[in-house]
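Trainee: The structure under discussion is supplied below as structure tokens; questions concerning it will follow.
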Amino acid sequence: MGAVSCRQGQHTQQGEHTRVAVPHKQGGNIRGPWARGWKSLWTGLGTIRSDLEELWELRGHHYLHQESLKPAPVLVEKPLPEWPVPQFINLFLPEFPIRPIRGQQQLKILGLVAKGSFGTVLKVLDCTQKAVFAVKVVPKVKVLQRDTVRQCKEEVSIQRQINHPFVHSLGDSWQGKRHLFIMCSYCSTDLYSLWSAVGCFPEASIRLFAAELVLVLCYLHDLGIMHRDVKMENILLDERGHLKLTDFGLSRHVPQGAQAYTICGTLQYMAPEVLSGGPYNHAADWWSLGVLLFSLATGKFPVAAERDHVAMLASVTHSDSEIPASLNQGLSLLLHELLCQNPLHRLRYLHHFQVHPFFRGVAFDPELLQKQPVNFVTETQATQPSSAETMPFDDFDCDLESFLLYPIPA
């Protein structure tokens, strides 16, 4: 889950919603106590109706039967349980199946990894597997408010199809009364946090990360998948220092030759054709890679963030990214070919990278790349403290409130 939020815009000519990302902010993911307004998602007493029920009636949602919901009867003796009507279960099937309650015997929360406007990511211990995972928790009411049911389901559907060593693997997904849960392998840090700490990367590390990302993007594009949000915050680093591409929330199946029109992603990483509202294709991901590599090499973004996509498009179109003369000639050429305004002339195919001067001597093989050490990453990870405190839950869905009031930092 990135730190960037998107807001709904108007429908495009292709019927898609326009989602415009807020400019990149320093500091990565937001941490700290949750706003008290979120408390209403877990507490519904007596005549207080579920947020989900009220939202459903207001929406007149077209996915399922639109029968009106009756108000909950008044019971003075004890409060009514706030259990969503069947529509709120069926709506997220089959990508989010209903499972027996994961509770104290299976999952224990180790800490809070990150929190954004759409949900939170928790570090959990699976007591059965004796392994640590990251669980993305998304309130159903937020999904309905933002009309992102399809987006959430497609995120899980895409991740189930992917099997690649440089992709953050999906462990499980399920739904509770009020939340959707996506469980993945746990990584202790991300590329943005490392970049914020060390600034410019050594050329050897840039070459290794670039090769790993090239393999990932080529793999996804061969499957017809556009990621659409390639950025440092969405690249996790494993215990050996190698990357794992994550967050497929904006990804979409786009067959070769087809085009997309949705304005989505993170402003400073978005290609000119995306900022202008399309049409665009898989070449947009390669522009994002160029922005990322430029930042690793220079310690800054090629173009400063603007307030919206219109201003960002003007900046990208009318300003040439000055590549420092001190950079390796091969790296300078690579950046020029990735940050090409015309997507038709942009570097994009695996064989082009294999013969590129910057990658001379690099074997584009995942197993061989994983054997190469990334010392400064592992050394940085070794200095990070970890929390030994855990919080067991009887009901992983309903008991989240107590943790969110007093989160344990991961």
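The backbone N, Cα and C atoms fix where each Cβ goes, glycine too.
Okay, so Swiss-Prot annotates it like this:
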type: DOMAIN; residues: 107-274; note: domain 'Protein kinase'
type: BINDING; residues: VAL113, ALA114, LYS115, GLY116, SER117, PHE118, GLY119, THR120, VAL121, LYS136; note: ATP binding site
type: ACT_SITE; residues: ASP229; note: active site, proton acceptor
Trainee: So for SER117 (ATP binding site), how many other CB atoms are inside 10 Å of its CB?
Mentor: 14
Trainee: If you measure every Cα to Cα distance among VAL113, ALA114, LYS115, GLY116, SER117, PHE118, GLY119, THR120, VAL121, LYS136, the residues said to bind ATP, what is the biggest one in Å?
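Mentor: Result: 14 Å between the two most distant Cα atoms.
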Trainee: Using DSSP reduced to three states, classify ASP229 (active site, proton acceptor) as helix, strand or coil.
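Mentor: Reduced to three states, the DSSP call for ASP229 (active site, proton acceptor) is coil.
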Trainee: Between the residue listed as 'active site, proton acceptor' and VAL113 (ATP binding site), find the distance joining the two CA atoms and give it rounded to the nearest Å.
Mentor: 20
Trainee: Using DSSP and three states only, what is VAL113 (ATP binding site)?
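Mentor: VAL113 (ATP binding site) sits in a strand per DSSP.
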